[in-house]
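Report on one structure; see the data block that follows.
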Amino acid sequence: MFFVGVAVLAALQSVWGNGGLETNEVAGMDRLGVESQKENPPGILLRKDDGMCEARKPMDMSPGEVQTETKTVVKEIVVEIEEPREGIQEVLPVVQYEGQAKVSAGNDLLKPSCGVSSGFTSSAERCYVLTKDAHDGDTSKMISLVESLSGRVKRQYTKNITGVSFCSSHSDVLRKVDDAGMHVEEDKIYTVSMLQNNIPNYMYLMRHYENTIFNNYFYDNWIFRVLQIKRVMTKFLGSYEYYHTGKGVNIFLLDTAISSMDGACNLSGRLEACNAHGNVMAELLVGKTNGFAKDSRLSVLDVVDCDGKVALSEMIHGLEGLRESGGPSILVFGVSGPYSASLNSAVDRISSRGTVVVSPAGNSHDQSCNYSPGSSKSVINVGSVDKHAGISRFSNHGDCIRMFAPGEDVLQDSSLTGTSLSAAIVASSIALFLETSPRAAFPQIWGYLNQNSFWNSRGSYSVLKIPRLGCKGRIRGSIFRLGGLYEDIVPLVFVVLITSALLYLLLIGIRRFRRRREQELHDEDVLFDPPVDRF
């Protein structure tokens with residue numbers, strides 16, 4: 001009986017002992033998971049998968065073998081917790097028994113993949129704009145190419161051009177893209193075209209560009225500056241007579257955000273400006289005082305940051321949001337920058353849909369064809385002239401400039417100068433023509449600009465003047481009038497009065513000098529007269 005009892009106890013231990021070890025193994029893993037989770041640094045979570053941790057009873061295994069398996073599992077989990085893993089948010093302990101053998105996830109399943117991104121751009125990473133010649137809106141192959149270069153896609157373009165912008169640290173991006181038959185260029189930074197200067201009203205200057213005598217050289221003399229003749233004439237005596245206001249024309253401005261104003265809005269929904277450039281451009285375009293197109297609608301593509309800079313990729317993305325206006329429309333760029341085939345292609349596409357595109361030539365005193373978007377064949381590229389209709393020292397020049405307009409001495413209450421202001425003035429004058437001819441083609445617009453511009457004294461470039469448009473069958477110009485008299489009569493009167501005053505002062509001075517000299521001579525005669533001999 002003793003031996004029978006020992007056999008029964010051994011059998012029970014064989015059955016219940018294995019189960020106990022199995023249960024303890026799972027419980028031990030749970031405890032280890034909780035303890036390890038407390039010791040883990042923030043951001044690392046150890047999670048138990050119930051379905052994977054339920055082990056089937058290994059009926060053919062001995063207790064020693066089961067104990068060995070338990071130690072192996074614990075060792076494996078501890079190693080994975082203690083090993084540093086950057087960028088990993090979860091570590092899953094995977095243990096599974098298949099029949100008599102244990103199949104556990106190897107270390108490769110717990111290693112972070114190469115595609116995991118931390119969200120930061122490394123110092124060696126560069127950003128690019130990738131496009132293809134055929135505009136079909138399909139970017140799938142381009143995205144696959146970017147992924148093969150270990151890059152991350154930032155933007156996709158499907159409306160004006162087909163392309164993507166991406167960043168990659170791959171050292172051979174240009175060659176890989178060329179082999180794929182696509183066009184790639186590095187992302188660039190574009191800046192607003194502005195400088196600083198003290199300036200009066202630009203319309204007043206435009207009015208005197210062609211005058212022979214009463215030109216801006218005449219009004220710029222020191223006497224007129226001291227007496228503030230120009231300010232008196234523009235503020236108190238002058239009135240701008242116009243017959244068209246650009247009504248029904250939609251103007252889109254790519255620039256910094258603008259402050260709240262009637263007839264204008266930021267497409268991003270922002271209500272305040274953080275840079276004065278956008279406000280000045282808006283004032284020149286649709287301002288009730290300083291703009292030609294006083295009744296045009298202005299929408300601002302406010303993709304330019306507060307520093308006056310915008311990346312090429314963000315600018316192209318902003319142009320994707322350019323909506324159909326249902327009427328004549330003008331796109332005005334407030335920025336210029338390095339030559340970009342991608343930007344030029346996008347601008348050409350926009351122009352082909354009937355939108356008039358006006359851009360600044362740039363402020364680098366360089367060849368204009370080296371800059372975009374002004375080098376695009378479909379853009380009206382505008383340079384800057386000074387108050388004497390001479391090309392500004394900062395303005396770009398060359399064959400890619402269509403015409404010039406005032407870029408210095410533009411507004412009385414602003415210190416900004418630059419070719420972007422010139423572009424705004426030209427765009428505002430085009431809006432007047434589109435009001436009367438909403439379906440005008442580019443040759444007609446160019447003819448209108450030719451009629452309302454003049455060639456400089458050397459005949460080498462065209463300068464915009466105050467527009468002349470038809471009104472009830474007549475061609476009348478928008479001019480300044482001073483109390484019903486022609487404008488030049490008033491300065492002529494000023495000249496006569498000032499000349500008379502100067503002559504009067506000169507005569508008074510000569511007269512006083514002569515009297516003083518005579519008095520001095522008389523005093524000398526009295527002082528040195530010899531005494532009279534009375535005897």
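Every residue number used here counts from 1 along the chain in the order it is shown.
In case you wondered, yes, glycine gets a Cβ from its N, Cα and C as well.
Swiss-Prot lists a disulfide bond between C400 and one candidate from C369, C471; that candidate is C369. In terms of Cα spacing, the recorded positions H277, C369, C400 that come within 10 Å of D255 (active site, charge relay system) are H277. The candidate set comprises the disulfide-bonded residues C369, C400. Of these, C400 has the most other Cβ atoms within 10 Å.
Secondary structure at H277 (active site, charge relay system), as computed by DSSP, is helix. Separation of the C-alpha atoms of C369 (disulfide bond) and H277 (active site, charge relay system): 24 Å, rounded to the nearest whole number.
Neighbour counts were taken at the CB atom with a 10 A radius for the active-site residues D255, H277, S420; the maximum falls on S420. In the three-state DSSP assignment, the secondary structure recorded for C369 (disulfide bond) is helix.
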